[in-house]
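Student: Please find one structure pasted underneath; my questions will follow.
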């Protein structure tokens, strides 16, 4: 995807060397935006092969409101293992905030259910927002949310999504996040009888870890290939009824996978 390559080049050309929480070191810039027209194909990176199975299962896990890695591990997904405690718990991470945000009166808010309701009944609303950044519960999270707030927008029968990502690991995280929120947009469009529009990805601290520089440069040398298509195979009515088997990826022809170490 040219948008991703342009991001990589921008950070390499204009970024500053910075230290970070993990001690690895980064090249970083602040404030960057990419746009993806979901009618032009599913934005799954082609300059390296991505594990779509992990992307789908993680998103379904978020939507369940789950915060234990058991479901992920049962489905061969290990991306959260480094942060889980001995019981597999991660605390009040994404799923908890999306589905049971703790309000000040002792009640909880199911932000996803409210979002779907508002898209269906008040599509012109400028409040179609879900936040995972809950300052009162940051200390209860194994990892504070990197992709922390997203907003939907309905126009001309199309549903678009903008994500704000406070911390963006360009080699490992960002390709995953692009695909995940594009998929979420498609799923919500399906259950609200809309067409997918754009996915807009806004990055705060956009960084390349020092130990990922060879991998990023390898991707920049690879030619982009045509985007695949992702098809939803069933007429799903509720966002919570999707299963892994409801998605089929077609015409995905990526370059080989490139390994990179996760900075914890």
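Placement of Cβ uses the backbone N, Cα and C atoms for every residue, glycine included.
In case it's useful when we look at the structure, here is the feature table from Swiss-Prot:
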ACT_SITE  146  active site, nucleophile
BINDING   21, 126, 127, 166, 167, 168, 169, 177, 207, 208, 209  dUMP binding site
BINDING   51, 169, 263  (6R)-5,10-methylene-5,6,7,8-tetrahydrofolate binding site
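Quick one: where do these features end up spatially?
Tutor: The secondary structure of residue 146 (active site, nucleophile), as reduced to three states from DSSP, is coil rather than helix or strand.
Long-range neighbours of residue 21 (dUMP binding site) (same chain, six or more residues apart, CB within less than 8 Å of its CB): none.
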Student: Measure from the Cβ of residue 127 (dUMP binding site) and count the other Cβ atoms within 10 Å, all protein chains considered.
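Tutor: There are 10 of them.
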Student: For residue 146 (active site, nucleophile), identify the closest of the binding-site residues 51, 127, 167, 169, 209, judging by Cα separation.
Tutor: 167
Student: Sequence gap of 6 or more, C-beta under 8 Å: which same-chain residues meet both conditions with respect to residue 207 (dUMP binding site)?
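Tutor: Correct list: 11, 15, 18, 20, 26, 27, 28, 29, 167, 168, 169, 170.
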Student: Just the number: how many Å between the Cα atoms of residue 209 (dUMP binding site) and residue 51 ((6R)-5,10-methylene-5,6,7,8-tetrahydrofolate binding site)?
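Tutor: Approximately 21 Å lies between the Cα of residue 209 (dUMP binding site) and that of residue 51 ((6R)-5,10-methylene-5,6,7,8-tetrahydrofolate binding site).
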